[in-house]
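A.B. asks: Provided herewith is a single structure, encoded as structure tokens, for subsequent inquiry.
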Amino acid sequence: MNPQAMLIFTSSLLLGTTIVISSNHWITAWAGLEINTLAILPLISKSHHPRAIEAATKYFLTQATASALLLFSSMTNAWHTGQWDITQMTHPTSCLILTSALAMKLGLVPFHFWFPEVLQGSPLITGLLLSTAMKLPPIALLYMTAQSLNPTVLTGMAILSAALGGWMGLNQTQVRKILAFSSISHLGWMAIILIYNPKLTLLNFYLYTLMTATIFLTLNSTNTTKLSTLMTSWTKAPALSAMLMLTLLSLAGLPPLTGFLPKWLIIQELTKQEMTPAATIIALLSLLGLFFYLRLAYCATITLPPHSTNHMKQWHTNKPIPSSIAILTVLSTTLLPLSPMISPTI
């Protein structure tokens, strides 16, 4: 892609996200979301492969529908209350439509069907943007409207997301689809705690972004998109594969790695709110995700030759590991000791 065009699209993404995060009025928030959608579309379809064009079309249709619903909910609220302020969303029907619109933007169950398909049709770096940066504006809007949303609807969506994200990821062989279902599962954890402690939702999102960025950049560095290719990547870059294994285990939420921190704090908060059954269910459902993370980690590091894959062995590379991946891996695996500093602020 032309560097000037790339610069325009990237700066538009930053602009759209900044507008959404800093807006008080629903129309400006909607405009920011639209700028974001239009800026990411060329990045999805830049390879001109039929699957990429299909992914861009699916993404456009779902995001346009979600934006229309968002505008409809804010107009309904303004009609009943005379308020366009984001924090003044008080009408129950508007809140329900808004929850549906933002769930569609994020890919929460039952509006999740588009996300794995779009991620599978996108390049790895665009996939990283879709999994992280594009989720920030809707999560910021959820954060601002958290007090008005229906707890039962959000909890139901959250548990279904954790369940379907885990179950549907079990049978996949494409790494991008596995990461898409992983994202849906993590969104469940963010949604379940949103009403009770919105700061925990943001903490979970930041740490999820950190770990997912590490995984996508590592896969991009080794040019891996399938499990069968992942099995042969050890010979090419052993250190990167080892780092990938640690990050995957962290994303699964195993102690003593960074990913354990948000799960621990969320389960603790749910128990305080007398939601022990929900905490138990979502904790058990995260075991489904653990299975496919372990499968990825197994393919990345434990399937050393000789094994039964028909792929050619890759040449060992002496290129140094990019410093961004090294820094992100350290952060993705070693932040748990910071939890005493984080706990008082949440």
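If you go along the chain as it appears here, the first residue is 1 and each next one adds 1.
Every residue gets a Cβ built from N, Cα and C, even glycine.
Any TrEMBL annotation is an automated prediction that lacks curation.
In case it's useful when we look at the structure, here is the feature table from TrEMBL:
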TRANSMEM  5-21  transmembrane segment
DOMAIN    23-287  domain 'NADH:quinone oxidoreductase/Mrp antiporter transmembrane'
TRANSMEM  56-76  transmembrane segment
TRANSMEM  96-115  transmembrane segment
TRANSMEM  152-171  transmembrane segment
TRANSMEM  178-196  transmembrane segment
TRANSMEM  202-219  transmembrane segment
TRANSMEM  240-261  transmembrane segment
TRANSMEM  281-304  transmembrane segment
DOMAIN    290-342  domain 'NADH dehydrogenase subunit 2 C-terminal'
TRANSMEM  325-343  transmembrane segment
A.B. asks: Going along the chain, which residues at least six beyond the ends of the transmembrane segment (96-115) come within the CB cut-off of under 8 Å?
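C.D. replies: For the transmembrane segment (96-115), the sequence-distant neighbours (Cβ-Cβ under 8 Å, at least 6 residues beyond its ends) are 33, 58-59, 61-63, 65-67, 69-70, 72-74, 76, 89, 130, 135, 137-139, 141-142, 145, 149-150, 153-154, 157-158, 160-161, 163-165, 180, 183-184, 187-188, 191.
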A.B. asks: Apart from its near flanks, which chain residues at least 6 from the ends of the transmembrane segment (5-21) lie with a Cβ under 8 angstroms of it?
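C.D. replies: Residues packing against the transmembrane segment (5-21) from afar: 28-29, 31-36, 38-40, 42-43, 129, 133, 136-137, 140-141.
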A.B. asks: For the transmembrane segment (178-196), I need the partner stretch with the highest count of C-beta pairs below 8 angstroms, choosing only from 56-76, 152-171, 202-219, 240-261, 281-304.
C.D. replies: 152-171
A.B. asks: If we call contact 3 or more Cβ pairs under 8 Å (sequence gap 6 or more), are the transmembrane segment (152-171) and the transmembrane segment (281-304) touching?
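C.D. replies: As far as Cβ distances go (cut-off 8 Å, pairs 6 or more apart), the transmembrane segment (152-171) and the transmembrane segment (281-304) touch.
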